[in-house]
Amino acid sequence: MKIPSHSNITEAVQPLLSPECEHSAEDRSAPNGSISGAVFNISTTMIGAGIMSVPATMKVLGIVPGFAVIVLVALITDVTVEFMLRYTNSGKSTTYAGMMGESFGSIGSLAVKVCVLVTNFGILIIYLIILGDVLCGSQSNGTTHLGVLQEWFGMNWWTSRAFTLLIVALFIMLPLVMLRRVDSLRYSSAISILLALVFIAICSSMAFSALLSGKTQSLRMVPDFSQVTVLDLFTTVPVFVTGFGFHVNVHPIRAELGRVTHMRMAVRISLLICMAVYFAIGFFAYLLFGDSIMPDVLVNFDQNSNTHVGRLLNDIVRLSYALHLALVFPIMNFSLRVNIDELIFSNKNKPPLTLDTPRFVSLTLSLLALTYLVAVAIPNIWYFFQFLGSTTVVCTSFIFPAAIVLRDMHGISKTKDRVIAISVIVFAVGTSGIAIWTNLNPGDG
């Protein structure tokens, strides 16, 4: 595909506002982000809370099909992001909602806004809930699970969920969400990826130690249909679709890069990193825990902390995971804030969000405060948003980009593109539909 002309590039990198807004000279000079920063931010978006669910998918799929599904979802992600970049470059809009609006009018634009709102807001709440569980403990089925702070310092008011999450929100998240450029988050994103690698290092070292002492679990190369059904296999696909779903951040990150080719390079490097991280976590955790692996592998580490070394590793894993989520939070917040601003002010003659300090600060503080209050008040909302998030992520990641290609308002799609788009929609709708039906009817398998 040829590199677009300079005029097209200029259109593609305008800040994320409705086309009606005027842009200042300062705003037009914004595209100076780095490829490395884009790689860190994209990778961090993908390697979120879902890394703890990956090992359980290996238990269902087996090693070989598990790796195949990771590769397949990564390839589809690359294709759909390419669709988005191509149509953004050919059109006038520089937001996801605007791009859908060009193809499907106000209904398409609203559909994206609603999906991003549900997905990102739900994910941010889930991140805070997990942070609260890890640091302050949780209760399930009448059993109390102590958090790291309660194990260290006992049950005090300052180790409570409300106070601990308030401190995390004020001193870790607030300074990061107040940054006005997504490229400014590259350092926190790099640390977040490093913490994921710490988890892999601990998992692999424990697995090799168990291997040397002959205590590793036998690996299942293919599904064991005496324990799972064919339909159960489809329940694993949304885990990876959600994991690779960074499409809501394509436009904010793309806006700060000089060329569309830089974005393509950053996307493919990030996909390779994410594939390696997901497969390594799935392989080593499955090798270590085998069929006893839980949907959240943190539970397995907690159950294996009956020695001093075990307790130390368990605390390191949980704390690194908690900090990892705290650093993923700002990158997901960024696209949510842009989306809400566009939803509220899309038809008003307002300056860019990053240049309107009162609007930026008030929206940022309101969003963080609301997320905190919901996470503290309704910690069991996890399951509700988990269901909605899985369905809306499939739309924003696969269905909407493919639909834009089929609509082809700019007349640039080829027969090959349309065939791929139809295949993507069939895959997304089919696997998600089967997964939802299987989860709602667990006894029917």
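Note that Cβ sites are derived from N, Cα and C of the backbone, with glycine treated the same way.
Quick caveat, the model's predicted, so the values are computed rather than measured.
What TrEMBL records for this protein:
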- 33-435: domain 'Amino acid transporter transmembrane' (DOMAIN)
- 38-57: transmembrane segment (TRANSMEM)
- 63-85: transmembrane segment (TRANSMEM)
- 106-130: transmembrane segment (TRANSMEM)
- 162-179: transmembrane segment (TRANSMEM)
- 191-213: transmembrane segment (TRANSMEM)
- 225-248: transmembrane segment (TRANSMEM)
- 269-289: transmembrane segment (TRANSMEM)
- 321-340: transmembrane segment (TRANSMEM)
- 360-378: transmembrane segment (TRANSMEM)
- 384-406: transmembrane segment (TRANSMEM)
- 418-440: transmembrane segment (TRANSMEM)
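Within the chain carrying the transmembrane segment (360-378), a Cβ under 8 angstroms from the stretch's Cβ atoms is held by residues 121, 124-125, 128-129, 132, 161-162, 165-166, 169, 173-174, 177-178, 180, 333, 336-337, 340-341, 353-354, all 6 or more beyond its ends.
A Cβ distance under 8 Å defines the sequence-distant neighbours of the transmembrane segment (38-57), meaning residues of its chain 6+ beyond its ends; these are 66, 69, 123, 126-127, 130, 182-183, 185-187, 189-190, 192-193, 196, 199, 236, 239-240, 242-246, 249, 253, 256-257, 262-263, 266-267, 269-271, 273-274, 277-278, 281-282, 285-286, 289, 293-298, 321, 325, 327-328, 331-332. Annotation: stretch 106-130 has the most Cβ pairs under 8 Å to the transmembrane segment (321-340), among 106-130, 162-179, 191-213, 225-248. For the transmembrane segment (106-130), same-chain residues at least 6 beyond its ends with a Cβ under 8 Å from one of its own Cβ atoms are 48-49, 96-98, 100, 165, 169, 248, 321-322, 325-326, 328-329, 332-333, 335-336, 339-340, 342-343, 371-372, 374-376, 379, 381-382, 384-386, 388-389, 392-393, 395-396, 400. Residues 57, 96, 99, 219-223, 233, 236-237, 240-241, 243-247, 250-251, 254, 260, 263-264, 267-268, 271, 274-275, 278-279, 282-283, 286, 397-398, 401-402, 404-405, 417, 420-421, 424, 427 of the same chain, all 6+ positions outside the transmembrane segment (63-85), place their C-beta atoms under 8 angstroms from a C-beta of that stretch.
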